[in-house]
Amino acid sequence: MVPVAAFECDERKLYGVQHHPEVMHSTHGQQVLEHFLYRGAGLEPTWTTSNVVEESVAAIREQVGTKRAICGLSGGVDSAVAAALVQKAIGDQLTCVYVDHGLMRKGESEQVEKDFVAATGVQLKVVEAEERFLSALAGVSDPEEKRKIIGREFIRVFEQAQAELVAEAGAAGEDVEFLVQGTLYPDVVESGGGTGTANIKSHHNVGGLPDDIEFQLVEPLRRLFKDEVRMVGQELGLPDEIVHRQPFPGPGLGIRIVGEVNKERLDLLREADAIAREELTAAGLDRDIWQCPVVLLADVRSVGVQGDGRTYGHPIVLRPVSSEDAMTADWSRLPYDVLSRISTRITNEVDQVNRVVLDITSKPPGTIEWE
Ligand SMILES: Nc1ncnc2c1ncn2[C@@H]1O[C@H](COP(=O)(O)OP(=O)(O)OP(=O)(O)O)[C@@H](O)[C@H]1O
């Protein structure tokens, strides 16, 4: 971390550094970089969230003009912040679409439908599609099959909503030409840096948005990293639950039920997951863990004893992990008393669950999600 050489060059000093000051755990890494940029290279620290917001708003207005735009909201940070920025720039020229597939966690649809709308004033079209998704998933337990079905249904539903909006706007003599995407800088790098009219991130869990769409993209987060996106979200006054949401897969709880997915099982899992999240938050652990999938082993039963009787119920798995980038992960060493509270509450409060187990596998070999 110590500078190993300093050259005179163009009246400014260039410092050579021996290792990776940008990596979060490098001691004094931040200081070394600040020194290099502000003193060595003579740059000014002008990056502030309010500058970023101002500049993005101006750029979006310039790009979209008087046309209309749409944006799919997933409940995740990226699309929420992207939508909030675009809303700030062009107001009611933007319409957001939220597909409620019935696979969200407890309270998440309300966060999008009520809290996000209240914080931003955005126009939102909600598509209630729970029944459609659940009937498409009926009888399916293979994980890949589930993902495909959810992705396929999502695209169909989204396309339909999109077509309706385009038709409504057309009837009013307006054009919908833009689609807002929450593409971040790492996505840009990953996909080779190109820009243009579509090729939406192809690694999407949900299957992504349709790739034959004829919209121009508005991607206000293209130059930001995740932590910067959260800062911008905060600056825009978005609810904490959205800004600090941990990663959650597009197919939602559909891939956290090992076995067939149905409403009853989803409700059980929603309860168990809500308890785990509540206790982790109460213990102040949200920022220490990367995410904590809660999984229902619907195809497994074990014997238990609750009250006066014998039970034959399902196990719930807790999968708390620590990670920097989700490529590798380690299981989080959560305090025993926190684990104990979660276990006691889940077995007491969630019907048909008589056992809570902890997943202590790192990634690799185990993935973060079970399916
Ligand atoms: N339920 C949904 N309703 C409407 N749009 C959605 C929904 N789920 C996903 N999308 C759209 O598809 C994009 C990709 O979905 P994915 O779940 O992979 O998101 P992501 O890349 O993790 O970003 P985010 O943080 O926005 O969720 C989202 O950014 C959003 O625009």
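Each residue, glycine too, has its Cβ placed from N, Cα and C.
As recorded in TrEMBL, the features of this protein are as follows:
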- Ser74, Gly75, Gly76, Val77, Asp78, Ser79, Ala80: ATP binding site (BINDING)
- 47-245: domain 'GMPS ATP-PPase' (DOMAIN)
Task: Report the mean pLDDT of the predicted model across the domain 'GMPS ATP-PPase' (47-245), rounded to a whole number.
output: 90
Where Gly75 (ATP binding site) falls in three-state DSSP terms: coil
Statement: For ATP, residues beyond Ser74, Gly75, Gly76, Val77, Asp78, Ser79, Ala80 with C-beta within 8 angstroms of the site's Cβ centre include exactly Leu73, Val81, Gly182, Ile242, Arg245
Statement: Judged by other C-beta atoms within 10 Å of its C-beta, the most isolated of the binding-site residues Gly75, Gly76 is Gly76
- request: Work out the three-state DSSP category of Ala80 (ATP binding site).
  value: helix
Field: Residue, out of the binding-site residues Val77, Ala80, whose Cβ gathers the largest set of other Cβ atoms within 10 Å
entry: Ala80
Message: Are there any residues at least 6 positions away along the chain from Asp78 (ATP binding site) with a Cβ closer than 8 Å to its Cβ? List them or say none.
response: Gly182, Thr183, Leu184, Leu221, Val229
- prompt: Which chain-mates of Ser79 (ATP binding site) that are at least 6 residues away have a CB under 8 A from its CB, listed by sequence?
  reply: Cys71, Gly72, Leu73, Val180, Gln181, Gly182
